[in-house]
Every structure is written in structure tokens, then in C-alpha cells.
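Visitor: As annotated by Swiss-Prot, transmembrane segment applies to 2-22, 70-90, 100-120, 147-167, 171-191, 217-237, 254-276, 294-314, with the evidence given as sequence analysis.
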Amino acid sequence: MFLMNLLSMIIPILLAVAFLTLVERKILGYMQLRKGPNIVGPHGLLQPIADAIKLFTKEPLQPLTSSTTMFIMAPILALTLALTMWIPLPMPYPLINMNLGILFMLAMSSLAVYAILWSGWASNSKYALIGALRAVAQTISYEVTLAIILLSVLLMNGSFTLSTLIVTQEYTWLIFPSWPLAMMWFISTLAETNRAPFDLTEGESELVSGFNVEYAGGPFALFFLAEYANIIMMNILTTTLFLGAYHSPTMPELYTTNFVTKTLLLTTTFLWVRASYPRFRYDQLMHLLWKNFLPLTLALCMWHVSMPITMASIPPQT
């Protein structure tokens, strides 16, 4: 039974990821005044399937000097962790209702760093290694602010369980009282998922393709799937934290519709940002975090700690 539940979660995720790549190419196309993929199937709808067949039937080449075990394990680990992070997400019911769901997700996203580091190091290529080191530094740095923002939100929530966030936001979405946190959270999720304008890891001009430069065929596809699964997962988390998950004041019954609409809007914003902004310089990226975001989030965290005490209010109890 649990296996069926697991499959009923994994298969839709992989399908969503496949069509997200198509949506991205279409949006980028129209924003650059051209059409996206439109040959395979009606309006290019079957393009992701063609891409998958092409990638998985190609020969998985491997550099002679690479460390075989790590080279093969890295993409598998990346995808496994990306899918594991979906387990505590309430949509509207989680696969496993964890008591410390948010901590579990933070821990899993920290482990994802190892997949990137292994792939860069095992490739035995200087480009891959530099890309991996950049990715690791960026991910670890932005996790600091993500954790502090989460803490601030949880002070209004009262527990580490994601399901209680939905109860907290029945009357007011948390984006209204804590919009500065929400803005910094969104920018940090962009950096955490290595998306433009923070995609320093795959700076084509200097690093060819970043940490996955030596990968081809199937293993490359696994990294690709992991990246896009993380994007959707982060947007679902943002929806749950700040946008009241599946609550809507006008249509409270339409759980799934509300939830999917909010997540899709956030995902489209990710793609819109990618099409609009140039890449940051690496020192600017670090400056933004350590000198702008970190002091701000710490100050706001102190503010959120003092709020319930001064207002003599308690968060919803579970």
C-alpha cells in the first residue's frame, strides 16, 4: 500500500517536471519574440517525451579519469533527495505526516549539496570542480537565511509541522504580515535552486556547463529532473508558508485548484525572472546574502520573537 502511495506521488512529480521544461522553453521563446518547440505533437506538447527518449537512449559516456562510483552515485542521490523532500508536503495531505516536517526538508536540502560536490569532484575536470564549489558555497550560504526566515514564520505558526501552517492562515495569509520575509524567501529560493539570475554554477561563458559538464544521456537527465523537481517543491513550500496553501477567501472548497494555481503562478515567476534578468557576478551574489539579507532576516527574526510576547498572544496549538 505504501509503495502505491509512493508511486502515486513520484509519477505525477516526474510528469510535472517534464512539462515544466516545455513551459519554460515556450515562455522563453515568446519572451524572445520567437516560438518555442512546436514540431513534436500538437503545438509541441509531446516534446518532453521526445527529449526523455533521446536522453535515456544515448550512451552514458564517462571520462576515463573519473571516480566511477561517485560519478554514478551523484545523479541518483540528487534525484532521490529531490523526491524525498516532497514527503512531508501537505497537498492537502502529506505522504507521511511528520512532527518536524520543516526540519526534515531543511536537512534534505542540505544533503543535496553532497550530490553536487560529488559530481564536480568525481568528474575530474577543473570546470566541473569550480562549478561544484560555487554551487556548494551558494547553497550553504543561502540556507542560512532560509532557516532564519523559516524560524520567523514558525514563531507565528507554533510548531514545525507543515499542516498547522494551513490552520494558521485560515483568516490571513502570512504574506501580508510578513511580506519582507516573503520577498527575501523567494529570492533565496531562486538562489537555493541555482536558477537565474543566480545560476553561477553553470556560467556558460566561463565554465561551459558547470558541475554536470562531463555528464551525458541518462545521468544528465537525472540531474535535470532533480533541478526541476526542486523548483516545483520550493514553490509548493512557498505556497504553504506564505500563501495559505489551498485556502482561498472566494472559493474555499476548491482545495486542489487553489493550490495548483498558486504554485503555477510562482513557478511562472521563476521562469519570468530567468527570461528577464542577467546573471549576477559571484561577489555580488555573496554580498547580497551576507551583507543585506542576513542582517535583515536576523532583525526581523528578533521582531517576530518579541511580537507574541508584547501582544500577549499565542500561536495555534497542535
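Quick reminder: no glycine exception, Cβ is built from N, Cα and C everywhere.
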Visitor: Who are the chain neighbours of the transmembrane segment (294-314) in space, where the CB to CB distance is under 8 Å and they lie at least 6 residues beyond its ends?
Guide: 144-145, 148-149, 151-152, 155-156, 158, 178, 180-181, 184
Visitor: Using Cβ atoms only, state whether the transmembrane segment (147-167) and the transmembrane segment (100-120) have three or more pairs under 8 Å that are 6 or more apart in sequence.
Guide: yes
Visitor: State the residues, same chain only, that lie 6 or more residues beyond the ends of the transmembrane segment (70-90) and have a CB under 8 A from a CB inside it; answer 'none' if no residue qualifies.
Guide: 9-10, 13, 62-63, 96-98, 101-102, 104-105, 108-109, 111-112, 114-116, 118-119, 121-123, 162-163, 165-166, 214-215, 219-220, 222-223, 225-227, 229-230, 233, 236-237, 240, 245
